[in-house]
């Protein structure tokens with residue numbers, strides 16, 4: 001996984017709550033056996049509408065998505081994270097993420113930055129006034145920044161310490177866990193014998 | 001101080017705990033299907049890793065599989081490749097697989113319990129959010145993404161931050177004709193889709209204790225629909241009776257040792273929860289959704305709500321968008337909403353008890369003109385059991401389509417999909433936009449409402465059939 005420290009990019013406002021993973025990528029697009037190529041399914045139902053935010057030229061190069069609360073609810077499909085990444089997104093900002101989506105983001109290297117609902121509204125207002133404006137997301141200082149001068153937005157975002165550290169270092173979870181192989185083996189040795197197995 | 005059930009099960013599975021890091025949890029059972037596993041196996045291959053515990057891993061094919069002509073090659077080449085990839089991976093890594101055509105094939109969350117692999121006090125994961133179903137047995141069970149699937153394959157563990165605990169206490173008894181599905185839909189409308197976020201939830205109280213294992217699975221299944229990490233129910237005699245004699249259940253002295261341990265899996269009297277919700281089952285009625293998330297529901301006897309009645313601005317906007325998508329007018333009695341397709345099945349309501357209840361209501365009636373009824377058993381075993389009891393004939397004589405086992409129209413990944421603007425009454429778990437097919441409109445309902453709706457062609461309860 002690549003290290004993530006800070007990112008500045010065009011921010012696209014997605015003014016909806018409860019953007020579930022079936023909206024992010026419908027099930028019919030989940031049939032690939034690779035981790036790439038899912039950008040065609042991203043928000044596929046909405047992208048058929050010419051007025052949809054990602055179809056507007058000023059957001060053509062968007063890499064930061066600013067969405068309403070309860071982003072990523074529903075299915076556990078990590079394809080939702082891959083679809084956002086394959087399309088070019090590095091960061092999603094929302095006031096609340098579904099647990100599994102947030103977990104998947106941390107594993108795959110997409111930054112899920114949780115901010116206060118008022119911050120989402122401030123960024124949306126800023127983007128209404130300045131379509132195509134950029135937003136900076138700084139993982140080291142846990143801040144989001146947008147705009148300049150007296151109207152500049154600077155606020156903090158939440159991310160758990162462990163995920164932040166892994167993203168900053170670009171670490172592979174499995175490698176970390178395999179470093180504790182002895183502890184796993186010791187645990188296995190004391191499991192009750194009546195616990196079920198699938199192969200006898 | 002005492003511990004909650006969830007804390008007991010969690011603590012029994014901690015391999016390693018360190019300050020500032022998530023706990024490393026041992027996983028007792030890892031369930032796998034064709035959609036969320038190919039990239040995980042690929043990752044293992046690239047890193048030269050093996051599956052640490054194939055004997056704690058079970059695979060089946062469910063999301064993609066056709067429910068007609070399942071003895072022929074899968075028509076969609078992309079689906080066929082995904083299923084074929086699972087077969088190759090299972091063979092290469094030594095994982096037990098129940099493929100299409102096998103007598104143990106079916107929806108992964110129906111297969112685990114019916115094999116007796118799902119037992120109290122376990123940790124169970126699967127690359128599917130409805131893994132919460134297994135919590136009905138007093139297990140901590142939750143859905144994971146593909147990176148985590150790879151992690152479990154390689155290490156049989158998962159790093160997990162310990163969630164908070166919540167009690168949902170449902171007092172009183174459910175009235176006749178009101179089911180576990182109505183209970184959980186009522187709860188989700190009460191909490192919203194994010195209400196359970198960050199919590200492992202224990203469902204308890206008289207109404208929960210009175211549920212069958214099938215009903216408990218229905219409740220736990222939908223834990224994820226209100227955002228909970230997992231949902232579980234303390235094991236009791238109902239649980240033990242369900243497990244005893246299942247193919248992979250403990251036997252002899254092992255059974256006695258297991259039950260002795262399972263009986264300790266209750267929340268201690270002096271344990272505290274971080275949060276508690278209390279509901280009264282005796283006032284619950286048949287409950288259906290009108291919108292595009294499972295928290296947008298109302299009693300069947302009510303009307304389509306008016307968006308301006310919602311105090312919260314986000315709720316108001318969401319309701320407006322939902323009514324537009326669903327093609328519904330505010331104020332319309334829900335009983336007047338005409339339905340094109342009724343879907344009976346899924347990991348929420350595709351077990352034998354569900355099919356028995358549906359058949360019992362449909363018997364002697366015909367499916368309404370202009371309405372189709374799809375009955376999709378949750379597994380091949382459920383299908384065979386239903387046929388042994390003659391339920392298939394009840395459905396067929398009523399004019400229903402009697403299908404093979406799988407996820408089917410719950411998520412429309414196989415050919416079982418809604419057409420644009422087609423309206424369904426579905427016993428499944430999600431009414432998201434396009435979930436059952438692009439442009440499709442879904443109302444989540446219980447088994448009795450589904451059966452009565454199939455007969456009348458509009459959202460209905462069995463009481464309407466007597467009128």
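Counting starts with 1 at the first residue shown.
The backbone N, Cα and C atoms fix where each Cβ goes, and this holds for glycine too.
Annotation comment: TrEMBL describes B:347, B:407, B:410 as [4Fe-4S] cluster binding site. Around residue B:347 ([4Fe-4S] cluster binding site), a 10 Å sphere centred on its CB holds 28 further CB atoms from the protein chains shown.
Taken from TrEMBL, the feature region 'Disordered' applies to B:418-439. Counting residues 6+ beyond its ends, the region 'Disordered' (B:418-439) has Cβ neighbours under 8 Å at 130, 181, 221-222, 225, 288-289, 291-294, 296, 325, 327, 337-350, 354, 409-412, 445-447, 449-450, 453-454, 459 in the same chain.
Of the listed binding-site residues, namely B:407, B:410, the sparsest Cβ surroundings within 10 Å are found at B:410.
Sitting within 8 Å of the Cβ centre of B:347, B:407, B:410, and not among those site residues for [4Fe-4S] cluster, are the Cβ atoms of B:62, B:63, B:107, B:109, B:130, B:345, B:346, B:348, B:350, B:378, B:406, B:408, B:411, B:428, B:429. Note: the region 'Disordered' (B:418-439) comprises 0 helix, 4 strand, 18 coil (DSSP; helix = H, G, I, strand = E, B).
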